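Asks: Copying in the features that Swiss-Prot gives for the protein in this structure:
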DOMAIN    104-287  domain 'ATP-grasp'
BINDING   Lys141, Glu178, Phe179, Asp187, Arg211, Ser212, Asn213  ATP binding site
BINDING   Asp248, Glu260  Mn(2+) 1 binding site
BINDING   Asp248, Glu260  Mg(2+) 1 binding site
BINDING   Glu260, Asn262  Mn(2+) 2 binding site
BINDING   Glu260, Asn262  Mg(2+) 2 binding site
Amino acid sequence: MKIVILSRNKSLYSTRRLKEEGEARGHQIDIIDTLHCYMDITSSRPTVRYQGEELPVYDALIPRIGASVTFYGTAVARQFEVMGTFNINESVAISRSRDKLRSMQLLSRKGIGMPRTGFASKPDNIKDLIKNVGGAPVVIKLLEGTQGIGVVLAETAKTAESIIEAFMGIKANILVQEFIKEAGGADIRCLVIGGKVVAAMKRQGAEGEFRSNLHRGGSAVVVKLTKIERETAVNAAKIMGLNFCGVDLLRSESGPKVMEVNSSPGLEGIETATGKNIAGMVFEFLEKNMKAEHSNKTRGRG
């Protein structure tokens with residue numbers, strides 16, 4: 001198959017692993033810088049151009065779109081979709097998962113466990129907002145934050161009010177969430193491919209750090225999931241419409257709580273922690289689905 005990977009940096013671990021694994025399985029793998037693509041949106045003949053040339057119609061697309069380029073990246077992915085390329089994660093699903101508020105509203109509607117969460121725009125709602133999620137301590141998150149950036153733990157109601165007022169003062173959109181103390185600064189990353197959890201790791205925050213992101217000095221070990229944790233991860237991926245994603249869970253006294261569904265999960269941490277060939281599993285999914293009827297190809301439904 002001819003497969004295109006959208007990535008800003010071909011030297012990143014995940015991009016390199018996908019290219020190596022794809023070529024080892026006999027596929028043609030092209031890595032294209034998302035922001036250097038441009039589109040010809042012509043009636044009946046949509047194309048993507050790159051470095052002065054028209055790109056071919058690929059069999060499949062693996063989008064590695066960073067949060068900072070979500071708008072343009074999903075536009076490029078959507079252009080490939082209307083050309084008839086099978087996208088492992090449809091552009092609309094990526095957009096859905098990147099909007100933290102929208103994704104939580106969708107998960108909430110389907111009864112997925114989540115930390116109690118509040119959202120507001122006016123300062124006069126702050127006291128009740130904090131009270132409504134259970135009171136301090138609370139976690140305050142920027143809607144646009146990634147890798148633990150823009151996430152603050154407020155230990156007291158007064159501190160929480162000050163932080164929320166400061167964010168509102170700069171017109172930032174924020175979520176206010178209950179703090180799951182029993183999680184102990186750890187979360188679980190479930191890697192879901194094709195409706196199955198294929199690997200899972202427990203990420204522990206560095207000493208004195210409540211955020212468990214590996215980018216912030218956290219560590220990771222393989223973990224065994226409970227049945228309900230596995231089902232929660234699979235259902236969250238399905239609700240987002242993602243075939244390949246990372247679902248982050250917290251273990252709480254009332255069951256697993258979904259923190260985020262990541263449409264472009266990194267492979268280095270989970271391959272290292274579990275010893276599993278995740279990149280190979282991505283291609284197994286593509287090969288199986290590309291053998292199905294052409295009606296399965298994504299066409300960009302909005």
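Just so you know, glycine gets a Cβ as well, placed from its N, Cα and C.
A quick note: this is a predicted structure, and the numbers were derived from the prediction, not measured.
I would like each feature placed in context: is it buried or exposed, what are its neighbours, and how far apart are things?
Replies: Of all Cβ atoms in the protein chains displayed, 18 besides its own lie within 10 Å of the Cβ of Phe179 (ATP binding site).
The Cβ neighbour count for Asp248 (Mn(2+) 1 binding site), using a 10 Å radius over every protein chain in view, is 20. Asp248 (Mn(2+) 1 binding site) falls within a strand segment according to DSSP.
Under the DSSP three-state reduction, Glu260 (Mn(2+) 1 binding site) is assigned to strand.
For Asn262 (Mn(2+) 2 binding site), the same-chain residues 6+ apart in sequence whose C-beta sits under 8 angstroms from its C-beta are Ser97, Cys245, Gly246, Val247, Asp248.
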Asks: On the 0 to 100 scale, where does the mean pLDDT of the domain 'ATP-grasp' (104-287) fall?
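Replies: Averaging the confidence scores along the domain 'ATP-grasp' (104-287) gives 90.
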Asks: Between Glu178 (ATP binding site) and Glu260 (Mn(2+) 1 binding site), how many Å separate their Cα atoms?
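Replies: About 15 Å separate the Cα atoms of these two residues.
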Asks: List, in sequence order, those binding-site residues among Lys141, Phe179, Asp187 whose Cα sits within 10 Å of the Cα of Glu260 (Mn(2+) 1 binding site).
Replies: none
Asks: Identify, in sequence order, the residues in the chain of Lys141 (ATP binding site) that are 6 or more apart from it along the sequence and have a CB within less than 8 Å of its CB; answer 'none' if there are none.
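Replies: Sequence-distant Cβ neighbours: Lys100, Gly150, Val151, Val152, Ile174, Leu175, Val176, Gln177.
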